[in-house]
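Positions annotated as domain 'Serine hydroxymethyltransferase-like' by TrEMBL: 12-387. Annotation source TrEMBL lists (6S)-5,6,7,8-tetrahydrofolate binding site at LEU124, GLY128, HIS129, LEU130, GLU247. Under the heading site 'Plays an important role in substrate specificity', TrEMBL lists HIS232. Taken from TrEMBL, the feature N6-(pyridoxal phosphate)lysine applies to LYS233.
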Amino acid sequence: MTLNQPPTPHLAAEDPDVARLVEAEAQRQQDTIRLIASENYVSAAVLEATGSVFTNKYSEGYAGKRYYEGQQLVDPLEELAIARAKAVFGAEHVNVQPYSGSPANLAIYLAVLKPGETVLGMGLPSGGHLTHGWSVSATGKWFNAVHYGVRKETGRVDLDEVRDLALRERPKLIFCGGTAVPRTIDFAGFAAIAKEVGAVLAADVAHIAGLIAGGAHPSPVGHADIISTTTHKTLRGPRGAMLMSTEEWAKPLDKAVFPGLQGGPHNHTTAAIAVALKEAATPEFSAYAHQIVANASALADALLERGFDLVSGGTDNHLILADLSPKGIGGKPAAKALDRAGIELNYNTVPFDPRKPFDPSGIRIGTAAVTTRGLGTAEMPLIADFIDRAVAAEGDEPALDAIAAEVRALLASFPVPA
Ligand SMILES: *Cc1c(COP(=O)(O)O)cnc(C)c1O
């Protein structure tokens, strides 16, 4: 069977312990239905770029203004990645150096705020990210963070509430976007509020960047001053991040990333980001992005038919948040049972969750990785059925193992891209 992992003969000879783990992980990724909303399978080309000799090079600074010699090939590489990002997203300015999504967001704080100034972001329990000012994050400790949530009746952001909060708290920075938001983000609505209160609007599109690139979600370009994204979720690139902005924020953001927060960029990651962005510009990628949404919609319908309670009643994007309270089970035992049954996802708080964050009421489901494998709307009821049966069979290990065998049989027809 083909695995999404090139052969590693040198690794196997030099370090069989690590080689064994790599091979077993490739097999595990083949054998499970991966519904973790932030994960995907990158192409073999992206993997090769990530494993390239650009990992050997230091290049603090930006193209044409580096602090080390030997940049003859790094400069064109970084400029290529930037040009491709501009073409895919239509942004005026792009920085591809942030190490990951969290450092990218920190750079926004450094560019826009002074310590103690006010940021308005979505609360973590409602679907926001830690770096949107949550208390345990540096962004919550060093800045005055206030939070909006979702309406209890609808499970959706209420822009009237966001506006009231913004008028009362006068934030200098507003974040929209999140990690568990199943509905379309109204960038224009957020932009109007930011403009009214004189705040900078940052759109964190880490989860939906691939949908935006493929035309399956509206773009924040033209609405948000600053856009932050990881490159490894629906965008299907290497682990990394990008910041995009209007020309006005170009210099402050570049300075915040380097020398403000980081040293040398990870050039092997830059290479792989460039490859992922070339892929993201193709008609095949657009079809993939639309298929992710169609699959999530079909999976949501199939779960609703089986008595699942979905936050906001469904989904507009790649993500489904299910409240398991009606099933009489917590998110954590359900996620563990599903993992045993070969279905990988994460337990998650739901808005207004009465349970504790380490054992919340919900599970989060995403369709990017299964879409990359070629599963379509026809397979989504099968997945819903596996989920329903595994949740009901919690604690019954033979039953869960039997489901895992059925999962492997289904996936044999959908090899990972190699
Ligand atoms: C994943 C994510 C991040 C953080 O990305 P890391 O690469 O894990 O640091 C930030 N914001 C949002 C909305 C995310 O979903």
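Just so you know, glycine gets a Cβ as well, placed from its N, Cα and C.
Shown on the structure are the features that TrEMBL records.
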| residue | record | contacts (Cβ under 8 Å, 6+ apart) |
| --- | --- | --- |
| LEU124 | (6S)-5,6,7,8-tetrahydrofolate binding site | LEU130, HIS132, TRP134, THR349 |
| GLY128 | (6S)-5,6,7,8-tetrahydrofolate binding site | GLY121, MET122, TRP134, HIS147, PHE175, GLY178, THR179 |
| HIS129 | (6S)-5,6,7,8-tetrahydrofolate binding site | GLY101, ASN105, GLY121, MET122, GLY177, GLY178, THR179, ASP204, ALA206 |
| HIS232 | site 'Plays an important role in substrate specificity' | SER38, ASN40, VAL42, PRO238, ARG239, GLY240 |
| LYS233 | N6-(pyridoxal phosphate)lysine | ALA37, SER38, GLU39, ASN40, ALA206, HIS207, ALA209, GLY210, ALA368 |
| GLU247 | (6S)-5,6,7,8-tetrahydrofolate binding site | GLU92, HIS93 |
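For the binding site of (6S)-5,6,7,8-tetrahydrofolate, formed by LEU124, GLY128, HIS129, LEU130, GLU247 according to the record, the largest Cα to Cα distance is 30 Å, rounded to a whole number. Ligand 1 lies within reach of none of the recorded positions LEU124, GLY128, LEU130, HIS232, GLU247, judged by a C-beta closer than 6 angstroms to any of its atoms.
LEU124 ((6S)-5,6,7,8-tetrahydrofolate binding site) falls within a helix when secondary structure is assigned with DSSP. DSSP assigns LEU130 ((6S)-5,6,7,8-tetrahydrofolate binding site) to a helix in the three-state reduction. Note on LEU130 ((6S)-5,6,7,8-tetrahydrofolate binding site): other Cβ atoms within 10 Å of its Cβ, all shown chains, come to 17.
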